[in-house]
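**Q** Here you go, one structure.
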Amino acid sequence: MSLDTVKHAAETPDVAQPWKELGLKEDEYARIREILGRRPTGAELAMYSVMWSEHCSYKSSKVHLKQFGEKAPANDAMLVGIGENAGVVDVGQGYAVTFKVESHNHPSYIEPYQGAATGVGGIVRDILAMGARPVAVVDPLRFGAADHPDTKRVLPGVVAGIGGYGNCLGLPNIGGEVVFDACYQGNPLVNAGCIGVMKHEDIHLAKASGPGNKVILYGARTGGDGIGGVSVLASETFESTGPAKRPAVQVGDPFQEKLLIECTLEIFKEKLVAGIQDLGGAGLSCATSELASAGSGGMRVELDTVPLRDSSLSPEEILMSESQERMCAIVEPHHVERFLEICEKWDVIATVIGEVTEGSQLEIFWHGEQIVEVPPRSVAHEGPTYHRPFARPSWQDALQADDAGKLARPANGAELREQVLKLIASPNQASKSWITDQYDRFVQGNTVLAMPEDAGMVRIDEESNLGVAMATDGNGRYAKLDPYTGAQLALAESYRNVAASGAKPLAISDCLNFGSPEDPDVMWQFAEATRGLADGCLELGTPVTGGNVSLYNQTGETAIHPTPVVAVLGVIDDVTRRTPVAFAEEGQLLYLLGDTREEFGGSAWSEVVHGHLGGMPPKVDLGREKLLGEILISASRDGMIDAAHDLSDGGLIQAVTESCLRGGKGARLVVPDGLDAFTFLFSESAGRAVVSVPRSEELRFNDMCGARGLPVARIGVVDGEEIEIQGEFSIPLSELRTAHEATIPALLA
Amino acid sequence: MTSRPSPTTTREGGPSGRSNTRIGVVTFPGTLDDKDSLRAVRLAGAEPVSLWHRDKDLHQVDAVILAGGFSYGDYLRAGAISRFSPVMETVIEQAKAGMPVLGICNGFQVLTEAHLLPGAMLRNDHLHFICRDQKLRVENAETAWTSDYSAGQEISVPLKNMDGRYVADERVLDELEAEGRVAFRYLDKNPNGSLRDIAGITNAAGNVVGLMPHPEHAVEPLTGTGRTDGLGFFTSIIKKLVNA
């Protein structure tokens, strides 16, 4: 069949087109015809279909996401907001930081290694496209039940993929999470985050302006990988002379990405680009339409100049290919030569594929014949918007009424001891070092804190010791019980983790993982969670700088727990003042900060001991979180504490166990007045932390907490070779260590 | 080898004071720990000099470090392609003439591929990348890069690699042992299945040393594993060059 040119499309209005197979709805196809005043060409249809997909257009979620802008707290730190590849935050001393978390859930289930690997690659290019040097990555991961056979297929592949790709880029992996829950069995969540640093004047935006400026595609050659539904179109529109079935999952080459990073940074340094965009989802379709749309509008691309790995690719396939390790830059003509020289230095292929034009249309040609003529905004920014119906699920009340308070509690010290050991050895609470030791956390030589610390922290200036910290948190169990509160608890925990490390929380990014938006129950969870997060960010004064939504995480009718993952970014003026979690100094005093209540709904204890999920999650008091954060930051800066650990899932005993094992020291604890031992050890009340205070600082620390109205209780001392709960039980560190560290290797190694 | 006056000394010297010693760090495509080695050189008090793989000129450096990473993506075999790069022609020639060369991790792999050191590195026996704080024993404190340590001294430095299992045939291993050319041995736990727990070796002259662990990541109390056990590599070479 001949090429489906714009002219041909105008002359043949009645040709049947595979819009349905490409995932478009009938009214969406009609709208495309209306925009163009004719039927779309095959290439245009391909572009609209991917750009109007849920993944690219946020068509189901954007009516809810707009709250993040509407309720954004006034914050001078925001230099670039939502809408760009990633938001940019001022961290002082002329530095700006950009960070973002994205999902690569579906590809990672199909092909764990490449799915996870290219997830890292994609987020790193996003950060790079803002003009920043990527300085660290984090990986929040969720898998099915730890003992399920398929987890043993998915998890090692995902971890090897993250390591295999990330370790080759020379970026330290400094944090994240690993969570197991049967709800993720058919839908593992592979989220990837990246932090980048730049000087204020180096911020680059994805925009093509200035007629005559050249469009340069550089990086890997374009291949047939990552072409999803478009192969349907290719096979229907064209004779299938080329390879028929393309892998839908992209294949990554971290070596190419490393060269792309270094090459791009050198190009930035010489200020050679007017605009830049990475090629991720929807490939060239996305990059060209977004760049043109954000600029004056006009762009002309000669698609046949794109360097290919496979010469049999059709123009539609080239437009849709999600081949990794590619970037698209807008370059003024007099900079082109130098741009190409730098690419040559790094052995990176670079090709001028088009230019910015005076017009307002995105025009794409194939060997001189025009196959695309569209208003770029209609592709990139004017996709459909859905107001999906949502309603509180019929089962929500019964779930919340199933109170965890009624569960049988340990009756004596021996039972407490047994349940403590069971808790810290359970897959979710056990040490994840078997996993995180497969990631390079040292490279670049600026890692100050890395997992299992509360937050990852990197130094960004060796002279001044300025640093940034990041934590990512989410708790699907809490969010299932109450999505509004669950989202705020994720925010609160991440905020608390950053503050516990000594850094001041500044802004957040989120990755919202949910089931199908076509299910009103799921849409209600999504609406509640976004409302909770937006309200929470307003109260804490931490704007949402950007993020990602992953929907359709469900198997058949069963959706995953609603899982909003929140990444909080913080800044610390002097990284030498950071606070680690380790209790390392014998004789120091342990203080519990905050209020402990009987809160067990969604708790680790209810899961591990009773296999229960019901009731209400812990209460959120963001005012208290803010106060606790201020205390932790002040105490760190003024040398009043030597260690701090936030309290979250698993409660106090989990935190104390981790801090003791990390420091190689025991602790003697006394149950404070007004609490029973069980609640003291296992409650998951929010807004709490445990800190280790040198005796010389005790008075000053108490005075500060008293003056600012934060409840504190002295609960014990760092001492010996065991954890002892006075009058209840004691467990030697060696026994705790075996219980805590043996679980994951036994399941997965 | 004598130290030369340098036009641009980047900063005041570190523990061993100011020095005009120039130490080069090679960047291949895919090298990752080059900046870390440059920093370690600077903190130890010498002048760090970046060397580029396509450039045969060593820019008057007194010693060369081949840094860690995945040069050329570790394609074919780790270090196999880098060994043929233009800069290596000069490094090999100079190393044979006595210039001190330190290969760290991927750099060690390059040195074995270049036949400046015997043996080879295979994939870790457990087949995973491993990143950990590794205890080592310095077996030979007389090389150009280890004189600030004492023989038998135990140090901890980060280890991070995928292909770290040192192998050589029995004859070579026996020879290395007999000649005192096993420079470092893993303690506590052999992390990758290296034969005879070998973590690093030296050539007979003691100027070329290679090891899998990363001393350049153990030079500041603030970063890495919080120890400075690796600084001795860099102070050793500076003393050697200054006193030469």
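In case you wondered, yes, glycine gets a Cβ from its N, Cα and C as well.
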**Q** According to TrEMBL, A:Ser103, A:His104, A:Asn105, A:His106, A:Arg125, A:Gln250, A:Glu322, A:Ser323, A:Gln324 bind substrate; identify which of A:Ser516, A:Ser550, A:Ser603, A:Ser606 is listed for that same site.
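**A** Substrate site check in TrEMBL: besides A:Ser103, A:His104, A:Asn105, A:His106, A:Arg125, A:Gln250, A:Glu322, A:Ser323, A:Gln324, the record includes A:Ser550 out of A:Ser516, A:Ser550, A:Ser603, A:Ser606.
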**Q** If TrEMBL gives A:Tyr58, A:Lys100, A:Gly547 as binding ATP, which of A:Asp27, A:Asp139, A:Asp510, A:Asp519 does it give for that site as well?
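**A** For ATP, TrEMBL names A:Tyr58, A:Lys100, A:Gly547; of A:Asp27, A:Asp139, A:Asp510, A:Asp519, the listed one is A:Asp510.
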**Q** Determine how many residues of the domain 'PurM-like N-terminal' (A:453-572) DSSP places in helix, in strand and in coil.
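**A** Computed counts for the domain 'PurM-like N-terminal' (A:453-572) are 45 helix, 42 strand, 33 coil.
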**Q** Mean pLDDT, the domain 'PurM-like C-terminal' (A:210-366)?
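**A** Over the domain 'PurM-like C-terminal' (A:210-366), the predicted model scores a mean pLDDT of 86.
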**Q** Express the distance between the Cα positions of A:Asn548 (Mg(2+) 1 binding site) and A:Asp126 (Mg(2+) 2 binding site) as a whole number of Å.
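**A** About 12 Å separates the two Cα atoms.
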**Q** Rounded to the nearest angstrom, how far is the Cα of A:Glu102 (Mg(2+) 1 binding site) from the Cα of A:Asp278 (Mg(2+) 2 binding site)?
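**A** Cα-Cα, rounded: 14 Å.
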**Q** If you skip the near sequence neighbours and keep only those at least six away, which residues in the chain come within under 8 angstroms of A:Ser103 (substrate binding site), Cβ to Cβ?
**A** A:Gly119, A:Leu189, A:Val190, A:Asn191, A:Ala192, A:Cys511, A:Asn513, A:Asn548, A:Ser550
**Q** What is the Cβ neighbour count of A:Gln324 (substrate binding site) at a 10 Å cut-off, with all protein chains included?
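**A** Taking every protein chain into account, the count is 29.
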**Q** Taking 10 A as the limit, how many CB atoms besides its own sit near the CB of A:His104 (active site, proton acceptor)?
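**A** Other Cβ atoms found within 10 Å: 29.
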**Q** Using C-alpha atoms, which one of the recorded positions A:His55, A:Arg125, A:Asp126, A:Glu322, A:Gln324 comes nearest to A:Lys100 (ATP binding site)?
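**A** Ranked by Cα distance from A:Lys100 (ATP binding site), first place goes to A:Asp126.
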